[in-house]
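Taken verbatim from TrEMBL:
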| type | residues | note |
| --- | --- | --- |
| BINDING | HIS128, ASP151, HIS153, ASP155, ASP242, ASP244 | Mn(2+) binding site |
Amino acid sequence: CRWGSQFNVPPSAQFVARPVGVCSMMKLPVQASAEGLDAAFVGVPLDTGTSNRPGARFGPRQIRAESVMVRRYNGSTGAAPFDSLQVADIGDVNVNLYNLPDSCRLIRESYQKIVASGCVPLTLGGDHTITYPILQAVAEKHGPVGLVHVDAHTDTGDRALGEKIYHGTPFRRCVEEGLLDCSRVVQIGIRGSSYDPDPYKYCQDQGFWVVPAEECWSKSLVPLMAEVRKQMGDKPVYISFDIDGLDPAYAPGTGTPEIAGLTPAQALEIIRGCKGLNIVGCDLVEVAPMYDVSGNTALLAANLLFEMLCVLPRVKKM
């Protein structure tokens, strides 16, 4: 607890220099478990499931480093998460870089403990494979969840090189295991070339609402999110945000970039448009820092994770 608050509060750069201290998310206190927390930042430094450029294993570390620029209050929305919730950084899942199925087991078991404690996890990825075992743990407690999925890709492939688990298959695996409420799944920003003549058929057959990037170009997504909120209702919702959902002009530090994506402003509209939903978990995945020497991709990711924190249930305004 800092500055006389009953909650953990990020230290202000007015009093503590930004480069000082342990590299935690927003320089929050680090603790070993989620016990006693309302929300927790968790790193999953895994990129064994990538199909193109590796490097997302370094995403959590770089996001934390860039997060020193993120301050305590959201001046645009008025959200005051650190006056509302007890939040900390609980470190990283100790994944097995040599065995992807075993990593999924380790992630699932770690998140079962987090979710059982009543804490809402906000995950720093890592490639998109990690969302599959996370949702196994989340659905174990909450049942099938709605999904707000921002991405260039649907991630509903069946297999590649004979393997059924990698970053292009998590949501097909989730469908097969009944982890998703398919009538409450929206995928926003989908684009790029495809292996199949009808790339959205599987998703639409399951009942997903697919919003291609072309439908988002040059417009506000506030009206879209009003419709999304109606669809999601008051049942549990999970947010999964792949940084490649954004145009590589803004987020080049990722493994599978696709041209003509969303803008940062649209990303904010999507996340802020989730305010009022029953959000039970969030992730931000696929930041691969070595492809962006400026650090801007990780900085963008850190801000989007803060925005996710700001729309969690029980977060009050200043």
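Cβ coordinates come from backbone N, Cα and C, glycine included.
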Nonlocal residues around HIS128 (Mn(2+) binding site), in sequence order (Cβ under 8 Å, 6 or more apart):
GLY49, ASP151, ASP155, HIS167, GLY168, PRO170, SER240, ASP242, VAL285, GLU286
Those binding-site residues listed as ASP151, ASP155, ASP242, ASP244, and which of them has the most Cβ atoms within 10 Å of its own Cβ
ASP244
Cβ atoms other than its own within 10 Å of the Cβ of HIS153 (Mn(2+) binding site), all chains, total 25
